[in-house]
Every structure is written in C-alpha cells, then in structure tokens.
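S.K.: My questions will all concern the structure given below.
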Amino acid sequence: MKVFVVGAGTMGSGIAQAFAQGGWEVGMYDVAEGFARKSLSGMLGRLAKQVEKGKLSQEECDRISGSLKVYEDLAGASDCDLVLEAVVERMEVKKSLFKELDSICADTAIFASNTSSLSITEMASATKNPGRVIGMHFFNPAPVMKLVEIIRGQLADEETFKRAVEYAKTIGKDPVEVTEGPGFVVNRILIPMINEAIGVLADGFASAEDIDKAMKLGANHPMGPLALSDLIGNDITLAIMEVLHKEMGTDKYAPHPLLRKMVRAGLLGKKTGRGFYQY
C-alpha cells in the first residue's frame, strides 16, 4: 500500500511517520522547496534517538526510514492508494490541490484531508469524482495518538468510507465515524473549552498554571487547556474557533479577544517558543 502526504509540517510529517511505522510505502511533498527533506531529516533524527533509548530496534528504524521518500512535485502521487493532505488550513488551497491531483492520480485513489474543521463536502466539490474525498483527521503527535476521525461529507461514497476506516486500522489507529459538521467531534467540544479557559485567564480569576492544574487534577485531563492550545498552535485554535463561530452562527463560539491579540503578536505556542507559556 502506498500513501502520498502533501504538506510536511508537524502534522504532515507525523502522519507520514505513522503510515511508515504501519508498513506503508510513503511519499512526502511540500510546496516549500527543501522543506520536505528538512522535515524527513528531523523525523529520522527522532527515530534514531528512539533506537538509542531502546524504544525502537535498529532493524525497525531502518525499515521505517527505507519506506519514506521525498518527491519534488505531485507526480509522485500517480500510483498511490491514498493521498492525504495536511497543507495550510485554507479552503481555497485545499480545493486547488485536490483539483490538481484529479488529473494526476488513478481513479481508484482516495483523497483525504486532515483538516481540523473545514468542510469536506466543499473540498470534494472541486473534484471530478467527489465520492472519493473523505476526512481523516489525525491528532498531534500523529505517530502516537490512536484516534483518527473519519469524516463523511455529503458526497462521499460508502466504499471510500470503508477503505478509509480500514486504512486507519492498518497503522494501529482507532477510527471513529463522524458525519460532517463544524469542528467534527473533538474540536467541537475541545476548542470552546480552550476558549473558555482563555476567558478565565483574561478575567484574572486564575493564572495559566493554576487553570491547567485545575483541569488536570479536577477533570482528569492529561494536559491543561492552555498548554494544549500552545501545543496545537494558538493560530490553529483561533482558526478553528472562527470556523465554529461562522458555521454555528452564535456568540457562544466567538474567539476570545485575548486569543486574537496573542496570534497577532506571534505568540503561537511551542512552535514559536512562547504562547501562554515560555518554551
């Protein structure tokens, strides 16, 4: 089985690693020149550290490394069973990508999006065969997190859905079926909670540390909401809140002004070294 991952950022590279660990042949591509190779190099470095720590055998590391290949263009997707996009979270970019892939890939290939909140149906409308487009939403870190949301848009056919579920299972994931809706399941629940935690912080009721401590000890969460937003990326949190607000049409989902200010200031979380915490 072969998958072609478009987008080599945190999620794209993590998804590529998850499929490689699951025994798939993996192609990687990113529109930014040299970025996919840089991403692959970082991935191989992390795998080598797992070998050093005794968490991964050298044989398994070599197998995973050998199944990963970087491509300079989308032509590498021509013989893939699955193409999975993890590009920037903008609808026009995703639609343009799927439209281009339509002329490259075999008719039997599935097109999957790792979007965290955008409409799968709208993406599918840009293709000649919308029935083969589905959502496969992974969670960070993708090689570790078991959940994959399989999002069925209005136009997806049953065969596409069944194959997506089976593909997720082949790499050790535990998929859940989701009918398309704003934020799907996890982000529909999670992101408003993070937004509310930001409100508690902005109102001065508690520090970031104590808000996170309260949710970890009081609600048995493995990570507090503010630390989690830093991990996700505060810009991503904001983007999802904006989609929820637009699609749901109520102020319940309006992003908190503090979140907007932080994103404007470049305080995006771990990836920039500073967010609700200093890294």
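Each Cβ is built from the backbone N, Cα and C atoms, and glycine gets one as well.
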S.K.: Among Ser78, Ser116, Ser125, which residue does TrEMBL annotate as binding NAD(+) at the site that also has Gly7, Ala8, Gly9, Thr10, Met11, Gly12, Asp30, Glu89, Lys94, Asn140, Lys271?
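M.R.: Site partner of Gly7, Ala8, Gly9, Thr10, Met11, Gly12, Asp30, Glu89, Lys94, Asn140, Lys271 for NAD(+), according to TrEMBL: Ser116.
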S.K.: List nothing but the one residue from Asp30, Lys94, His137, Asn140 whose Cβ has the fewest other Cβ atoms within 10 Å; the candidates are the recorded positions.
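M.R.: Comparing Cβ neighbours within 10 Å for the recorded positions Asp30, Lys94, His137, Asn140, Asn140 has the fewest.
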S.K.: Identify, in sequence order, the residues in the chain of Gly9 (NAD(+) binding site) that are 6 or more apart from it along the sequence and have a CB within less than 8 Å of its CB; answer 'none' if there are none.
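M.R.: Non-local contacts for Gly9 (NAD(+) binding site): Asp30, Ser39, Ala86.
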S.K.: Tell me which of the binding-site residues Gly7, Met11 sits in the most Cβ-dense spot, judged by other Cβ atoms within 10 Å.
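M.R.: Within the set of binding-site residues, the most crowded position is Gly7.
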S.K.: Can you tell me how far the Cα of Lys94 (NAD(+) binding site) sits from the Cα of His137 (site 'Important for catalytic activity'), in Å?
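M.R.: Each residue's Cα considered, Lys94 (NAD(+) binding site) and His137 (site 'Important for catalytic activity') end up 14 Å apart.
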